[in-house]
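A.B. asks: Shown below is the structure under consideration.
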Amino acid sequence: MGRDLRDNETWWYNPSIVVHPHWREFDQVPDAVYYSLGIFIGICGIIGCGGNGIVIYLFTKTKSLQTPANMFIINLAFSDFTFSLVNGFPLMTISCFLKKWIFGFAACKVYGFIGGIFGFMSIMTMAMISIDRYNVIGRPMAASKKMSHRRAFIMIIFVWLWSVLWAIGPIFGWGAYTLEGVLCNCSFDYISRDSTTRSNILCMFILGFFGPILIIFFCYFNIVMSVSNHEKEMAAMAKRLNAKELRKAQAGANAEMRLAKISIVIVSQFLLSWSPYAVVALLAQFGPLEWVTPYAAQLPVMFAKASAIHNPMIYSVSHPKFREAISQTFPWVLTCCQFDDKETEDDKDAETEIPAGESSDAAPSADAAQMKEMMAMMQKMQQQQAAYPPQGYAPPPQGYPPQGYPPQGYPPQGYPPQGYPPPPQGAPPQGAPPAAPPQGVDNQAYQA
C-alpha cells in the first residue's frame with residue numbers, strides 16, 4: 001500500500017510543497033514512531049538549549065575563561081544553541097506530534113538553510129579547536145604567541161563564511177531543501193540523482209565533511225603522539241629533577257593523558273554524530289535507493305541533533321576552569337559529573353600563573369601553560385647537558401693516547417698474584433717524591 005500523503009503534505013501557507021516521489025513508495029510509519037521521535041527531539045532541543053546557554057553565559061561572564069582558545073568553544077556553543085532552538089524544539093517536535101510538516105514550503109527552506117549553516121559550523125568549529133590544541137601540544141612554546149583574540153576572531157569569521165557558502169547553494173538552485181524521512185523536517189535533497197544535486201552532495205561530502213575529518217584526525221593523532229613522546233622524556237628526566245619539579249612534570253603528564261583520552265572521545269563523537277548522514281546521502285546517490293527507507297533517513301537526524309548535547313559536555317565540562325566556574329554559579333549541573341581530588345590537584349599543579357602585566361590577547365590557555373612548564377624543564381635539562389664539559393676545559397691533544405697503548409697483554413695474566421696483600425693505608429705510590437720531614441728535623445738527615 002502506498003504512503004498516504006494527506007497527513008504529511010502541508011496544506012497551510014503553501015499547498016505546493018514538494019515531496020519527493022521516493023517517499024511515496026513506503027507505508028506511513030506508525031503513530032508511536034512519530035510520538036517517540038517528537039519526544040526525543042524535544043528532549044534534545046531543551047537540553048541542547050539549556051546546556052549550551054549555560055556554556056555561553058559562563059564563558060562570557062567569567063574573565064579567566066575569556067582566552068583566545070575559548071572563543072572557539074563559545075562559537076561552538078552558540079552554533080549548537082541555535083541548532084537546537086530552530087532545528088529541534090519546537091518546529092520538528094510540533095510536526096512530529098501532528099504527523100506532518102505544518103509550516104509551509106518557505107519555512108522548510110529556512111529550516112534547512114539554518115540547519116545547514118549551523119551543522120557545517122559545528123563541524124568546522126571542531127576542526128578549528130583541533131588545530132588550536134595541536135598547536136598547543138605540538139608547538140607549546142609558540143602557541144600563546146600565535147593564538148590571539150584577533151587571530152581566533154579571523155578563524156571564526158572563516159568558519160561562518162565557509163558554513164554559509166555550503167548552506168546557501170540550495171537556495172539558489174544548486175541542490176534543494178526538501179522534506180525527508182518521515183516528512184516532519186527538511187534537509188538537503190540527497191534523493192534526486194540529477195547532475196546538480198549529485199555535484200552538490202559530493203562537494204559537501206568532500207569539503208564540508210571529509211575535509212574536517214582529515215583535519216581532526218591529523219591534529220588529534222599528533223596530539224596523542226606528542227603525549228607519548230613527552231611521557232618518555234619525562235620518564236628519562238625523572239631521576240634528575242628535584243621533588244617539586246618532578247611533581248609538576250607528573251601532573252603535566254597526567255593532564256596530557258586526560259587530554260589524549262578526551263581527544264579520542266571527540267573523534268568518536270564526531271563520527272557518531274555526522275557519519276550516518278554522510279552514509280545515507282552517498283547511499284542514496286550511488287547505492288540501492290530502496291535501502292533509503294524513512295527509518296534509515298530519520299536515524300541520522302537523531303544522531304546529528306544529539307550532537308548539540310555532546311559538545312558542551314566534552315569541550316566545556318572537561319575544562320578545569322570551566323568546572324570551577326560552573327560549580328560556583330550552577331553547582332547542581334555537576335552533581336552527575338564527579339571529578340576526583342587527584343585530577344583537580346593535577347590540573348592546578350600543571351597550570352602556570354599568568355603575570356598580571358601580560359595582555360589578555362597573549363594569555364595562554366591551561367593546556368598551553370601545562371606544556372610551557374614541561375618544555376621549560378626540558379630546556380633546563382638540555383642546557384645543563386650542553387654546558388658539559390665546563391668552560392675552559394682543554395681537550396686532550398690529537399693522537400692521545402698513542403696508538404697501541406696500553407700494550408697488548410698488559411697487565412700480565414695473573415697479576416697481581418692471588419693473596420697479594422694490598423699496600424698499607426697511606427703508603428705513597430711507587431716513584432712518588434719522599435714525604436716532608438717532621439718539624440724540627442734536618443732534611444738531609446731525614447733522607448739519610
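Heads up, the Cβ atoms here are built off N, Cα and C, so glycines get one too.
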A.B. asks: So, in Swiss-Prot, are Tyr190 and Leu289 both on one side of the membrane?
C.D. replies: yes
A.B. asks: Swiss-Prot annotation: Cys186 disulfide-bonded to which of Cys108, Cys184, Cys203, Cys219?
C.D. replies: Cys108
A.B. asks: If I look at Swiss-Prot, which residue among Cys49, Cys336 would I find recorded as S-palmitoyl cysteine?
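C.D. replies: Swiss-Prot annotates S-palmitoyl cysteine at Cys336; the rest carry no such entry.
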A.B. asks: Is the topological domain 'Extracellular' (173-199) packed against any residues at least 6 beyond its ends, judged by a Cβ distance under 8 Å, and which are they?
C.D. replies: 5, 8-9, 17-20, 22-23, 29, 33-34, 37-38, 87, 91-92, 95-96, 99-101, 108-109, 111-113, 115-116, 280-281, 284-285, 289, 292, 294-295, 297-298, 301
A.B. asks: Going by DSSP assignments with H, G and I as helix and E and B as strand, what are the residue counts for the topological domain 'Extracellular' (173-199)?
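C.D. replies: Summed over the topological domain 'Extracellular' (173-199), the classes give 5 helix, 8 strand, 14 coil.
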A.B. asks: So how many of the residues in the topological domain 'Extracellular' (284-293) end up helix, strand or coil by DSSP?
C.D. replies: 6 helix, 0 strand, 4 coil
A.B. asks: By a Cβ-Cβ criterion of under 8 Å, what residues six or more beyond either terminus of the topological domain 'Extracellular' (284-293) are in contact with it?
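C.D. replies: Residues 22, 25-26, 190-191, 193, 198, 201-202.
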A.B. asks: Tell me, what is the mean pLDDT of the topological domain 'Extracellular' (284-293)?
C.D. replies: 93
